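Down below is the structure, laid out as C-alpha cells.
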Amino acid sequence: MLFARRDIEAAGAGAGAGQDGSPAAKKGKPESAAASAAVARPTLTRTEALAAAAVLALFVAGIFCIFLAAPRREFGQILRLPRSLADVRLLKDNLAVYASEHQANFVLGYCSIYIFMQTFMIPGTIFMSLLAGALFGVIKGGILVVFTATAGASSCYFLSKLIGRPLVCWLWPERLRYFQSEIAKRKDKLLNYMLFLRITPTLPNTFINMASPIVDIPFHIFFAATLIGLIPASYITVKAGRALGDLRSVRELYDFKTLVVLFLIGSVAVVPTILKRKRTYE
C-alpha cells in the first residue's frame, strides 16, 4: 500500500509538471508577457499625435522663416537666447526694426525658439516673455506668450509621456510621489487643482509639464489648465517687459505682493472642490 501511494503521488506530480510544461503553457507565458509589455508601453492618442505634429511643424516653419528673412550680417545679434536682463535689453534694441519690418517671420521664429526651450527644459523662457512685452506690448505680447508657453508645455508633455518617466523618477522622486498622491485625491475636480498649480508657484512648471503624463493627467485637462492658468503670470511678466529699463532683477517680478495676488486668484479655482467636500461631510 505504501508503494502504491507513492506511485499515485508521483504520477500526479508528473501530470502537473506535464501540464505546466505543455506547449500551450509555454506559449502562454511569452504571450502574456508581451501583452503586459504592450499595455505598459506609453503611446500617444490620435489627438495627442496630431497636436505634437502641429507643434513640430510650427517649430520647423519658424526656424526656416528666421533664416529666410533675417539679415545675414546680424545673425550673431539676433540668433541668441537671452540669459539675463542685459541680454533682453540688447535683443530689444537689435530686433526692434527687424520685428516691425518682418513681423510674421519674427513671430514664427519667436514661437519656435520659445517652444524649443520649453520642450527641452532650457532655462530662460521668462526673458523671452519679457522680450515679447518689450516688442509687442501687453495685449499682443501676452497672447503670444500664452500661446507659445501652452504649445511648449504640450510638447514637453508628449515628450515626457514617451521617454520621460526615468528622468522624472530620477530628478524628483519624492515630489513625484507627492504629486501622484494629490492627483489621486482630486480625480473629480482635477481641472480645478491643475488650475491652482498653474496660477500659483506651488510646483515648478517644468515639473508639472514632465510629471503630468506620468501620473495619468489627461491631455485635455492639462491643456486647458495650462492655457488658462498661465494668463496671470504671463500678464505680470509681459507688463514688466514694457518697463524693461526700470527692472533691476527678475526677482522684482514676483515680490510678496504679487505672490499673494497669484495665490488669491488660484484659490478661486479650488473653491468648488472645498465646497463639494463640505457638502459631502454634512
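Using the three backbone atoms N, Cα and C, a Cβ is placed for every residue, glycine included.
Heads up, TrEMBL stuff is auto-annotated, nobody curated it.
Sequence annotations record features per position, and here TrEMBL assigns transmembrane segment to 49-70 (among others).
Annotated transmembrane segment per TrEMBL: 113-136 (among others), in sequence order. Outside the transmembrane segment (113-136) by six or more residues, the chain places 55, 58-59, 62, 81-85, 87-88, 91-92, 95-96, 99, 142, 144-145, 148-149, 151-153, 155-156, 159, 206, 209-210, 234, 237-242, 244, 247, 250, 253 with a CB less than 8 A from a CB of the stretch.
Annotation comment: TrEMBL describes 122-242 as domain 'VTT'.
Within its own chain, the transmembrane segment (142-160) is flanked in space by residues 44, 48, 51-52, 55-56, 58, 107, 110-111, 114-121, 125, 128-129, 132-133, 136, 167-168, 205-206, 208-214, 219, 222-223, 226-227, 230-231, 234-235, 237-238, which lie at least six positions past its ends and keep a Cβ under 8 Å from the stretch. As annotated by TrEMBL, transmembrane segment applies to 142-160 (among others).
If you look up TrEMBL, you'll see 217-238 (among others) marked as transmembrane segment.
Positions annotated as transmembrane segment by TrEMBL: 259-275 (among others).
Outside the transmembrane segment (217-238), and at least 6 residues removed from its termini, the chain residues within Cβ reach (under 8 Å) are 45, 47-48, 51, 126, 129-130, 132-133, 138, 141-142, 145-146, 149-150, 153-154, 157, 183, 190-191, 194-199, 253-254, 258, 261-262, 265, 269. Taken residue by residue, the domain 'VTT' (122-242) breaks down under DSSP into 99 helix, 0 strand, 22 coil. Looking at the domain 'VTT' (122-242) alone, the prediction's average pLDDT is 93.
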